[in-house]
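Chemist: Dumping the structure here so I can ask a few things about it.
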């Protein structure tokens, strides 16, 4: 029995004594796959977070979280290379033991695209989905049917590939469609700005008491989760022809995604102002007050839903690996090596930074939960 296990999928062809099967993923393909992992459905919640924080603090927070993400991935990759660890679950098992690995693998979850295609309701207002807007409400374009058809027609074929690199072309298309959303939103906002029909966004948050300060923390989890991609870093790294490229790949992806996030947040907030909804896509079922408004609304929503559909196979890939590790655990058991941080790679700066990020995450999420609970309590009292 081997002491060290192999990943679910082959790293390179030569490691399995096969010839000319796979020569390694390209730099651009890896950038697109990592960028698609980052830019998911959460992008639509960013404008509302900027509305809450104000333009300047919001953009600064997007940049700060990107820098923290780069630092955390750098630590993850260096420790993994030193320990010859080839999966995120394996790394968690080495660090936190079997229960830590199980907790990590069990928490890899996915979102859905039903809101975009079949409509959604927020604050008591129903926002029509694409099919509902085109054809009216019918059983065939209801949420369950749309999700079933999407799963069978889109998800099932794309998640069947052996390697993540096989999804590089769909990932490139997904990133391009996210850029289409940004370009259209920016174009409409600029036209409205020239016409003088938009209000200038507030630069800083409005503070009128301690409760408004607590409420600001509800934006932090949105910004942090917008950069979650760590669970796919090992899969991308394993397939590289030159694994020293992983650092510039991560930096390029984070730079690209940060640019998309900043542009989306700025122009969407500029366009809709204080009417920006928690899911800004719901704002695109109203009159944009420009010629061909309905056409632009449909283009935005169609491009976004296809973008999200192409994000899912990337997430499903990680889900498949983690489900395999959960059902058939192959990581070295903690009893074989009960040391923590056994590879002596982390510097004092790394440890301080890691503890700082954990504390910030725990505190900000605790305050956000407290603020949400407080708001629910006050709403019930007012009712």
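For all residues, glycine too, the Cβ spot is worked out from N, Cα and C.
Feature annotation from TrEMBL assigns domain 'Amino acid transporter transmembrane' to 25-377. The transmembrane segment annotation in TrEMBL covers 53-73, 144-161, 173-194, 214-233, 254-272, 304-323, 352-370.
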Chemist: Using a Cβ-Cβ cut-off of under 8 Å, list the residues of the same chain that are 6+ residues beyond the ends of the transmembrane segment (254-272) and lie near it.
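Modeler: Hits for the transmembrane segment (254-272): 31, 35, 38-39, 43, 46-47, 49-51, 55, 58-59, 62-63, 66, 69-70, 175, 178-179, 181-182, 185-186, 188-190, 192-193, 198, 201, 226-227, 280, 283, 288.
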Chemist: The transmembrane segment (144-161) and the transmembrane segment (214-233): do they have three or more Cβ pairs under 8 Å, with pairs 6 or more apart in sequence?
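Modeler: Between the transmembrane segment (214-233) and the transmembrane segment (144-161), contact is absent.
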Chemist: Near the transmembrane segment (352-370), which residues from the same chain, at least 6 beyond its ends, have a CB less than 8 A from one of its CBs?
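Modeler: Cβ under 8 Å, 6 or more out: 68, 71-72, 75, 214, 217-218, 220-221, 224, 346.
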